[in-house]
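Trainee: I'd like to ask you about the structure that follows.
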Amino acid sequence: GGRSQRRGPAGGRALLLLPAVLLGLCCRAAAERLRYAIPEELATGSLVGPLARDLGLSADELPARKLRVASAGKKRLKYFTVSEENGNLYVSERLDREELCGKSASCSVSFEALVHNPLNVFHVEVAIEDVNDNTPRFLQDSFHLEINELTSPGARYAVGVAEDADVGSNSLQDYKLEANGYFAVEVKENQDGSKFAELVLRRALDREREKSLRLMLTALDGGDPPRSGTAQLWINVTDANDNPPVFAQDRYRVSLREDVPPGSRVLNVSASDADAGINAHVTYAFGKTPAKVLQKFVVDASSGMITLQEMLDFEDTQAYTLLLEARDGGGLVAHCKVDVEVMDVNDNVPEITILSVPSPVPEDAPVGTVVALLNVNDPDSGENGQVTCELSGEAPLTIVASSGGSYKVVTASALDREQAAEHRVTVVARDRGSPALSSRTELVLEVSDVNDNAPVFVEAAYSAYVRENNAAGALVARVSARDADAGANGLVSYWVAGGSAGEAGAAPLVSVEARSGAVYAQRSFDYEQCREFALTLRAQDGGAPARSSTATLRVFVLDENDNAPRVLWPAPAAGAGPAAAAEPPAFEVVPRSAEAGYLVAKVVAVDADAGRNAWLSYELVQASEPALFRVGLHSGEVRTARAVSDRDAAKQRLVALVKDHGQPALSATATLHVVLAESLQEALPELSDRDDVSELTSNLNLILVVSLSVVSLLFVSTVMFAFFSKCRQSR
């Protein structure tokens, strides 16, 4: 049934009518208003609301007060009736919102409730709310399109408009196209808010592979649940044609007064075709256009002249969108749109004259500064000539009335050029006629700059990465600071303000270009000596007084592979000098009983570089018996690859290559001498170099002497410990 009653146009207070007050107001026409809201399509006899109770009438008073309802005009009230028994308001006839109000956003039925003894009149308004009782419907069940196979992807085709008599969210909201590999559908909106479907070619067609397409186009409304309507799209792919018709404009715009008589010419569209013969003969017709538009306009097929058929009504429709198509003799079609704006007829509108605009205004101008003088005049008389003026748009401005129809526009708050370099407001002049007429003019206020902003670096801290061994003068980084001011106030220059950018007794490491903010290296960097350094950069504008800010730049030197691996063990044999020649080469003794995997030695190497440049790998590049030994790729461990046999030579020479992972890679070699023997004594005869034997013997003697000394020291210590223990026990 009914909704709670509300009072007044805004419906903000509950209406309470007391019987005692009604009895005291005899024969008075009260301008009270009751509001109810019901959905459309209610069944006959449905309750709208307790009218008598809302009017403050009790059931006992109803016979005497003779409550009844009547139409506000001369027409008979046919939709509602009031019960004589309980005074409730009921639906007496089916209510169809679309019949009553069409596409209007709001819909209501107004009537009057009369009571006697004493006589009083109350205005009653029943709002009819929309329900989703209409399905979107296409103007036709199927659409036929002929599209040339040479049409480029991206081409668009207006395929139709679906109509939905509902309003708001229950009206037409979206279009969906059956999944396919060629076309997609996009939803477009006309100036009047109606939505139409536009077919977009996504992939080039090929008539030899597919001559025609049959797709389902669905129109959906926003109801819950949603309703939908469908139409078939028949797309015929035509064979190649060199040139389709081309409209002089893709979109035409024309304005018509609403009092233009039928038969008047609206616009002459024109399309040309570069082909000859029948392919160049162009005919014009409307595309998929709603029936309402076709009733208003007609197009001449030969000339393209659009003519008005029926009178226009600005209050009904303010704009029309006509879909025109031009078809040549070969079947190629071009499309264009014609936007027809319907202009309202008015006698006189207020005239706005801008007398003075002192522009630009400095941004530090005080509040209340006059920025424009206006004069407003309306040639009408009476209320139609009485004009009020206001500003439309967001701006720190306000308008103040002066004498003789003059107005002053003044600043209402502080200006800030960095937030808005100019302010555009619309001066609206409106008379008090019915309906009121108004005019508008744009007022542009330019704001001049004041140096009230310091430069701001894009980043508070910058990081730059430079490879070592760089050339002097190489670009290290580029810093940037922005100043919101304009002109010289926003012109930024840079320099090095401090930090570790220099070293004692040496030239600075970097320099900065004053205008561009480019930071250049003053010398070549060495990662092994300096891995990173920081400096402070300052940016200053050209204002007076100047403003500045600082930022930190941290430069990281990246390693280059400029150091070869260095072998620590076995010690590399020196290539020069008598002392080096006298030093015997290192060797390892491997028993002949050694099995596969026996650890012979470990090659130890280091690399002064970092990262991948210092990652070392080992490989065996030379060996007396290549199959007997192997070296660990990453560990450098030299192990037997198989068991040692009696056939293997007693003396083996191995050369291991140590290589880093730089680009290009650097390497070093390590030479290892191996003797296959069960003991050192057995290995001595195998050594060809007598100096090696002598050195080895000397080393062994030294080891024996040290061992004997250690054993003697342990023996003496044990005897003394035992002696002292006996003495303590005897005490």
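In case you wondered, yes, glycine gets a Cβ from its N, Cα and C as well.
TrEMBL feature annotations, pasted as is:
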SIGNAL    1-31  signal peptide
DOMAIN    30-138  domain 'Cadherin'
DOMAIN    139-247  domain 'Cadherin'
DOMAIN    248-352  domain 'Cadherin'
DOMAIN    361-457  domain 'Cadherin'
DOMAIN    458-567  domain 'Cadherin'
DOMAIN    582-687  domain 'Cadherin'
TRANSMEM  702-724  transmembrane segment
Trainee: Using DSSP, tally how many residues of the domain 'Cadherin' (30-138) sit in helix, strand and coil.
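Mentor: The counts are 13 helix, 41 strand, 55 coil.
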Trainee: Please work out the helix, strand and coil residue numbers for the domain 'Cadherin' (361-457) from the DSSP assignment.
Mentor: 4 helix, 50 strand, 43 coil
Trainee: Please count the residues of the domain 'Cadherin' (582-687) that DSSP assigns to helix (H, G, I), strand (E, B) and coil.
Mentor: 12 helix, 46 strand, 48 coil
Trainee: Taking all residues of the domain 'Cadherin' (458-567) together, what is their mean pLDDT?
Mentor: 83
Trainee: Counting by DSSP secondary structure, give me helix, strand and coil numbers for the domain 'Cadherin' (139-247).
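Mentor: Going through the domain 'Cadherin' (139-247) residue by residue, I get 3 helix, 57 strand, 49 coil.
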